[in-house]
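Novice: Dumping what TrEMBL says about this protein:
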type	residues	note
DOMAIN	15-146	domain 'Nucleoside diphosphate kinase-like'
BINDING	Lys23, Phe71, Arg99, Thr105, Arg116, Asn126	ATP binding site
ACT_SITE	His129	active site, pros-phosphohistidine intermediate
Amino acid sequence: MCVYFVWPTAPQVQVEETYIMVKPDGVQRGLVGEIISRFEKKGFRLKGLKLFQCPKELAEEHYKDLKEKSFFPKLIDYITSGPVVCMAWEGVGVVASARKLIGATNPLQAEPGTIRGDLAVETGRNIVHGSDSPDNGQREIGEFLNY
């Protein structure tokens, strides 16, 4: 007599990449290590990192969907006002997890325990940017880390 065991297979999990940028205020305030630490503690893997001064033309391309907004010129001035840290992170569900970890765009509405909820002080200077989808993550990684 033979007995066979059939083990259920684990569900296929999708490893994603996302783009995270520590904005000039986060760099100037020395928060890069804190932000990296939060992603590492969630189990994500840092795939690439670049510190550089974002040129105006790259900032304008990145935020082109906001071009008609009244705050666009100030946004471009802000992003180009100092160095930024561009990072590519990898992990299962990293895009959605990163969005939760970062918190609401407006720091006053961001939950405690999120990066913006704990560290940001004003809406216009909210420390960090994170991709909103896997496709945008790939595009932004290409734009910034390969610039």
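Cβ coordinates come from backbone N, Cα and C, glycine included.
Just so you know, TrEMBL annotations are computer predictions that nobody has curated.
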Novice: On the 0 to 100 pLDDT scale, where does the domain 'Nucleoside diphosphate kinase-like' (15-146) sit on average?
Specialist: 96
Novice: Would you mind splitting the domain 'Nucleoside diphosphate kinase-like' (15-146) into helix, strand and coil residue counts from DSSP?
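Specialist: Final tally across the stretch: 59 helix, 32 strand, 41 coil.
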Novice: What is the interatomic distance between the Cα atoms of His129 (active site, pros-phosphohistidine intermediate) and Lys23 (ATP binding site), given in whole Å?
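Specialist: Rounded to a whole number, the Cα-Cα distance is 7 Å.
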Novice: List the same-chain residues at least 6 positions away in sequence whose Cβ sits under 8 Å from the Cβ of Phe71 (ATP binding site), in sequence order, or say none.
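Specialist: Result: Gly124.
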Novice: Within 10 angstroms of the C-beta of Lys23 (ATP binding site), what count of other C-beta atoms is obtained when all protein chains are considered?
Specialist: 22
Novice: Near the residue listed as 'active site, pros-phosphohistidine intermediate', how many other Cβ atoms are within 10 Å of its Cβ?
Specialist: 21
